[in-house]
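Visitor: Let me begin by handing over the structure; questions about it come next.
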């Protein structure tokens, strides 16, 4: 998320060879292979799409299990509201969910409602694709004690309608300055939401609750701060270009930050980084242009690391220590090492958003997990010491990359699962499993009502109609209980 950039991607068929498995194979039962995917975001849906190729050869069912009552993960809750074209991927996901061999089971919290190990009773193969849901911490004074200091995860969740963030109340009417720590796509998403005109936002699926607070906003200056230089920014050209084109908004960049970048250095860059760097240079050179009348401004400040947040009860400023490259390192190196140079700078602000990356969590003690990296312990997506268990997406590789990497990875994981079936590495395939029927029955016995895709379509229709009545594509329901009521039989 999460922005994480999601684009409709054509998925070529990489698995060209036909499966050399017959139902008479000694490793297989005549009943279907039951596969379950935990997580209904892009990683889960694209993997489902690729695994459906398996069902063309042998009987297979795939269940997508989701903790929330609604599907689509960060497509619904992570993509910025002013990126409707990105959310169109939900049409593709809907076709996948409505496939005769696919079943969506929502409102089931694996690791709480149902133990991870219990899934073995119902499925031959389990794939964990539940993403990275915890934002990393700075661990500096004032981070947890001062008001108006938020993680990007919570801030994005607030304007995107995540139920657990519905009560967030950022005070945007008491300050004209915000600082965003981090220089990735999510950081630029947050900046764009703070700087965009209300009229433009009102046409999106941003929540009415967030829109009401943004209408009262006094924010006029948004500063994004990074500990490295302009050659190490993590945002992509699309997000930067959108920021440069906001109505009534202008950049204020420092030419000195870009003086070390020469044409020889640019020519050696890979094309995406080259185009991004050229746009940054074009933006800094255009800062004195009088063509654009601005009421609001954004800034990029490099070579600064946060040291502490200052204020009595609400954040009032941040102390940054200046950094510099270590030794004679390559200025354009992606992971350029930096060191502090003893200079301290205080930047005033009344709102802070921390956008410094995400990490996954261990949803069940039975799951082998690297707590330092926040990923499941795995080898080529096969979970350590857990035959038949796999992982996909950020929870397996770490919170990095865009949707193109997820789509490519889904092909690879599907191929590995199919190879494991073909080579007889999964010894339980002769066992008869009940799949989703058994899971739903277990959840019901524990007083949990599972949400089907047909149930979700009721909520989808309600949100869509509510949004259309307000001139918006959707008005999201923010309360879990209300969701369950609207999906009731």
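Any Cβ shown, glycine's included, is placed from N, Cα and C.
Reproduced below are the annotations present in TrEMBL:
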{"type": "BINDING", "residues": "43, 66, 74, 110, 394, 401, 402, 403", "note": "FAD binding site"}
{"type": "BINDING", "residues": "227, 228, 239, 401", "note": "NADP(+) binding site"}
{"type": "DOMAIN", "residues": "34-254", "note": "domain 'FAD/NAD(P)-binding'"}
Visitor: With a 10 Å radius around each C-beta, find which of these binding-site residues (66, 239) has the fewest other C-beta atoms nearby.
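Guide: Least crowded of the binding-site residues 66, 239, by Cβ count within 10 Å, is 239.
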Visitor: Considering Cα atoms only, can you say which of 43, 66, 74, 110 is the nearest neighbour of residue 227 (NADP(+) binding site) among these binding-site residues?
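Guide: Closest candidate to residue 227 (NADP(+) binding site), judged by Cα separation, is 74.
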Visitor: Based on Cβ atoms within 10 Å, give me the single least packed residue among the binding-site residues 43, 74, 110, 402.
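Guide: Counting other Cβ atoms within 10 Å of each of the binding-site residues 43, 74, 110, 402 gives the minimum at 402.
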Visitor: Write down the Cα-Cα distance for residue 239 (NADP(+) binding site) and residue 402 (FAD binding site), rounded and given in Å.
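Guide: With the alpha carbons as reference points, the distance is 13 Å.
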Visitor: Expressed to the nearest Å, what is the distance separating residue 228 (NADP(+) binding site) and residue 401 (FAD binding site) at their Cα atoms?
Guide: 19
Visitor: If you measure residue 43 (FAD binding site) to residue 239 (NADP(+) binding site) at Cα, how many Å is it?
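Guide: Cα of residue 43 (FAD binding site) to Cα of residue 239 (NADP(+) binding site) measures 22 Å after rounding.
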Visitor: State the count of C-beta atoms found within 10 angstroms of the C-beta of residue 228 (NADP(+) binding site), not counting that atom itself.
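Guide: Around the Cβ of residue 228 (NADP(+) binding site), 22 other Cβ atoms lie within 10 Å.
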Visitor: Looking only at the domain 'FAD/NAD(P)-binding' (34-254), report the model's average pLDDT.
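Guide: Taking every residue in the domain 'FAD/NAD(P)-binding' (34-254) and averaging pLDDT yields 96.
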Visitor: Compared by Cα position, which of the binding-site residues 74, 394, 401 is the closest one to residue 239 (NADP(+) binding site)?
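Guide: The answer is 401.
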